[in-house]
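Chemist: The structure's right below; bear with me while I get my questions together.
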Amino acid sequence: MAGIVVIFDFDKTIIDIDSDNWVVDELGATDLFNQLLPTMPWNSLMDRMMKELHAQGKTIKDIEEVLKRVPIHPRVVPAIKTAHSLGCDLRVVSDANLFFIETILNHLGIRDCFSEINTNPSYVDDEGRLRIFPCHDFHSSSHGCNLCPPNMCKGKIIERIQASLAKEGQKRIIYLGDGSGDFCPMLKLNEVDYVMPRKNFPVWELISRNPSLIRAEIHEWTDGGELERVLLNLIETITIQDRNSNSVRLVSVDCKFETFPMAVHEPLMSALPVNQ
């Protein structure tokens with residue numbers, strides 16, 4: 001449905017692991033990664049790791065082959081394809097990087113389902129090395145959010161998306177995520193929106209401790225099977241709500257604002273519980 005924007009985190013939401021850790025581990029650089037981790041921000045460390053892997057003779061093809069083997073729940077791709085076929089506007093907001101995300105989405109055959117990918121930029125330089133840069137250049141200025149890592153505030157990305165959507169009329173946002181970095185964007189959503197935190201992951205724990213801070217309706221999920229079921233049920237519920245709302249408006253206009261009772265609306269699916 002054109003009035004629904006579904007925003008996905010990527011690591012541990014679309015795929016079942018962290019893509020950065022997956023590449024580092026699969027290419028045998030875990031010890032070096034752990035050694036350097038206390039010395040620099042994560043995003044900067046990933047750029048450094050790509051330099052180290054390149055120096056060890058690892059190629060872009062090697063990285064691509066590793067990315068094509070990432071574990072993913074078998075119901076996630078069908079869920080994304082169905083949401084797209086129903087007319088939802090699908091987007092990614094992720095603290096991974098563009099090369100990793102696009103390589104995986106292209107391999108899964110779902111890159112074209114997404115209208116926008118918001119992430120850390122990356123490219124392959126003339127020497128064949130993958131370079132990874134921060135979404136926000138924290139070396140020159142701070143994004144000012146103390147909830148988010150220095151290279152990316154997902155909340156500011158959501159605010160930009162909201163400002164763009166406001167020009168198109170009312171849109172409902174469904175936001176899916178798992179990590180602590182997904183808490184800030186979930187705080188930005190409104191009462192007409194929905195959040196889908198992954199149960200027993202950091203963002204779910206943050207919401208469980210602070211449920212009153214979230215204005216959007218909360219629907220938890222545990223794995224790809226539940227992701228599919230909850231997401232498609234929400235899309236169906238919103239579609240029915242909007243269809244009934246449009247019918248009421250049409251009757252009101254046709255009858256010069258003498259609104260007649262409509263058929264009983266289907267009830268909104270109950271929100272799933274979040275521990276408090």
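Backbone N, Cα and C define each Cβ position, glycine as well.
Found this in TrEMBL, in case it helps:
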type	residues	note
ACT_SITE	Asp9	active site, nucleophile
ACT_SITE	Asp11	active site, proton donor
BINDING	Asp9, Asp11, Asp178	Mg(2+) binding site
BINDING	Asp20, Asp95	substrate binding site
Chemist: If one looks at the chain holding Asp95 (substrate binding site), which residues at least 6 apart in sequence have a CB under 8 angstroms from its CB?
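Modeler: When sequence neighbours closer than 6 are ignored, Asp95 (substrate binding site) has Asp11, Asn43, Thr119, Asn120, Cys135, Pro149, Asn151, Met152, Lys154, Gly179, Gly181 within Cβ distance under 8 Å.
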Chemist: Write out the long-range same-chain contacts of the residue listed as 'active site, nucleophile', meaning residues 6 or more apart in sequence whose Cβ is under 8 Å from its Cβ.
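Modeler: Counting only residues 6 or more apart in sequence, the Cβ neighbours of the residue listed as 'active site, nucleophile' under 8 Å are Val92, Val93, Ser94, Leu176, Gly177, Asp178, Gly179, Gly181, Asp182.
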Chemist: Quick check: which same-chain residues outside Asp9, Asp11, Asp178 lie with their CB within 8 A of the centre of the Mg(2+) site CB atoms?
Modeler: Phe10, Lys12, Thr13, Ile14, Ser94, Gly177, Gly179, Asp182, Arg198, Phe201
Chemist: Including all protein chains shown, what's the count of other C-beta atoms within 10 A of the C-beta of the residue listed as 'active site, proton donor'?
Modeler: 23
Chemist: Tell me the Cβ neighbour count for Asp178 (Mg(2+) binding site), meaning other Cβ atoms within 10 Å of its Cβ, over all protein chains shown.
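Modeler: I get 22 for this one.
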